[in-house]
Amino acid sequence: MKFFSLFPVIVVVVACLTMRANAAPSAGNEVDHHPDYVDGVEALRQLEPELHGRYKRATCDLLSMWNVNHSACAAHCLLLGKSGGRCNDDAVCVCRK
């Protein structure tokens, strides 16, 4: 029985050591010469922000099949600092003040 508990530990240790050897940094400094390399804070400010969509119905729609949509909406509103919330008829989470 000890074999079944010791063998997975040995496999994990060997896998970690193998990944550590593969993740070792290279001797050269190829990043500085790469054309997509961004250097400095000023260059980061020039980059365009990524656009993303906000889906307000995700809390109420996705969790409605397990009947936890109102609880999830209330928890979401509590995390936002509100006093709670509920899902309305359009499946949108509405937070209280």
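Just so it is clear, glycine is given a Cβ too, placed from its N, Cα and C backbone atoms.
Of the cysteines C60, C73, C77, only one is given by Swiss-Prot as the disulfide partner of C95: C77. Checking C16, C60 against Swiss-Prot, the residue bonded to C87 by a disulphide is C60. Its Cβ placed at the centre, C60 (disulfide bond) has 22 other Cβ atoms within 10 Å.
Ranking the disulfide-bonded residues C60, C87, C93 by Cα distance from C77 (disulfide bond) puts C93 first.
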